[in-house]
Structure formats: structure tokens, C-alpha cells
Amino acid sequence: MSLVIAVYGKGGIGKSTTSANISAALALKGAKVLQIGCDPKHDSTFPITGKLQKTVIEALEEVDFHHEELSPEDVIESGFAGIDGLEAGGPPAGSGCGGYVVGESVTLLQEMGLYDKYDVILFDVLGDVVCGGFSAPLNYADYAIIIATNDFDSIFAANRLCMAIQQKSVRYKVKLAGIVANRVDYTTGGGTNMLDQFAEKVGTRLLAKVPYHEMIRKSRFAGKTLFAMEEAQTEFPECLAPYNEIADALMQEHPIASVPVPIGDRELFKLVNGWQ
């Protein structure tokens, strides 16, 4: 059975870039990885495959939504380091429900028996609204990871995600492996001062600290993981280190994880004054 990881974070937080680099680090350490993009934007696997691949919803449309007519080859593309990628996709803007599409994709994976074919399955999930469909990966995940930056809006979203994880943990095995601090800037962004306090408050840890670095942005535009960028390998190893740390933590026999204890919304707003 695969190790199933669900990566969440608010839109624009760098969640997909982080997910792709975690997948790359895991693959380079010997794991067979499937990364699943669960966002209507369907660009999660772009750094792995170098293209916007066909989505599950597009493939289903071609067979008039008869699941049984699809095979893994219809929806999976292989890319960097042998990583396989799948994109759930979503309905046209202004119509349908993106969460429903994610839920359908999770069901399709089960029907195809893919949960037994990989060492690691990593879901990259939109985390602004954790409704039924978008929370579906938590039903299968061993561990959740939250991507956040050192600002209130990001922490507010992270707290809502902690609520979802706590609720799911009542019926499912999922636990929170930690928070990845992204775009860490000690010059103007306060480092991780707010995230450190939040993590302690909800009973988790900072799994890694990813620096705010031009090299990471360049890799995204190039359609590559950092591990595929020679410049990153030779000149900016500090950009690669956090993803290797995360991979090492996840590949332990018993990764450190916990059920978070979220803060009430009003309490969180009150705490902000102490973080200024």
C-alpha cells in the first residue's frame, strides 16, 4: 500500500511548486511517486512533465463519463525522475463544482487500483475552501502537510485546514506531519515568527523552511523542478535542502505527526495583535 500524502495551502502560496519539488526529492531517493493535482488550474504537474497534461475531467468527457472505459494511460503522464502525474482538472469557470471533480478523481484512482502501484502518492490540493470534494484526499491520506507563508491570511487558511484535518482524523487515519514555511524572508518578511507561534499553538511543527529565492521562481517558469535545474544544483544548494528534509522526514518508518488542535476564528483574530 502506498504512503499517501495530502499537501494543502491557500491559492498562490507556492503549493504546487513545493509539491513538485517534494515529489522530485522523494523520487531521487528511490521512491516511485504519483503526484495528483487537485485544482481546476491543473498546473500542479507542469514542473514534472513540462506541459499542461490532459485532465481527468477532459478524459471523462471523451468517453461520456463512463469511468470503466478509461485506463491509467489515458490520464497519467510520466516526467522527471520517473514521477507520474495526474491532473483532476475542473469545470469551466462559473459552472460546476471543482470539489466534485476532485472527489471523482479520487474514486477513479481507487477503481484503477493505483493505490497499490506506487511507493508514494502525493495529492496537491487547493486549500482555500475545504469542502467535501477538496477534502476527499484526507480520507485516504496517511499524512497531511500545510504550505503557508508568514502572514495572517495564510495562517488563517492554515487554521481552517487544521480544523478539516482534526475532523477527518475522527474517522480516518490522517495526521498532520507539519507546516512547510514557504518564501521565508528574514529581511522584510519577519522570517517565520508568526508561523512558529501558530505551529506551537495548534500542536504541530515547521517541517521545513523554504527560502524566498529567485531560483525557485525561475524553475517554475522553466517548467522544471529545482532538481532538474543545473544552476540550482551547483550554485544554490540551500534551495534544494528543505525539500530533501521533507522527503527524509516522510520516508522514516514512523514519521512524526499529530492531530492538530485548531484555534477558534475569533481567538485567531485576537492573537494577530500580538504578532505585529
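Note: Cβ is positioned from N, Cα and C throughout, glycine not excepted.
Per Swiss-Prot, the features are as follows:
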type: BINDING; residues: Gly12, Ile13, Gly14, Lys15, Ser16, Thr17, Lys41, Asn182, Arg183; note: ATP binding site
type: BINDING; residues: Ser16; note: Mg(2+) binding site
type: BINDING; residues: Cys97, Cys131; note: [4Fe-4S] cluster binding site
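Neighbour counts were taken as the number of other C-beta atoms within 10 angstroms of each residue's C-beta; across the binding-site residues Lys41, Arg183, the minimum falls on Lys41. In this view, the densest Cβ surroundings among the binding-site residues Gly12, Gly14 belong to Gly14, judged by other Cβ atoms lying within 10 Å. Spanning the residues Gly12, Ile13, Gly14, Lys15, Ser16, Thr17, Lys41, Asn182, Arg183 that the record associates with binding ATP, the maximal Cα-Cα distance equals 21 Å. According to DSSP, Lys41 (ATP binding site) is assigned to coil rather than to any helix or strand.
Long-range neighbours of Ser16 (ATP binding site) (same chain, six or more residues apart, CB within less than 8 Å of its CB): Gly37, Asp39, Asp43, Ser44, Phe46, Pro47, Asp124.
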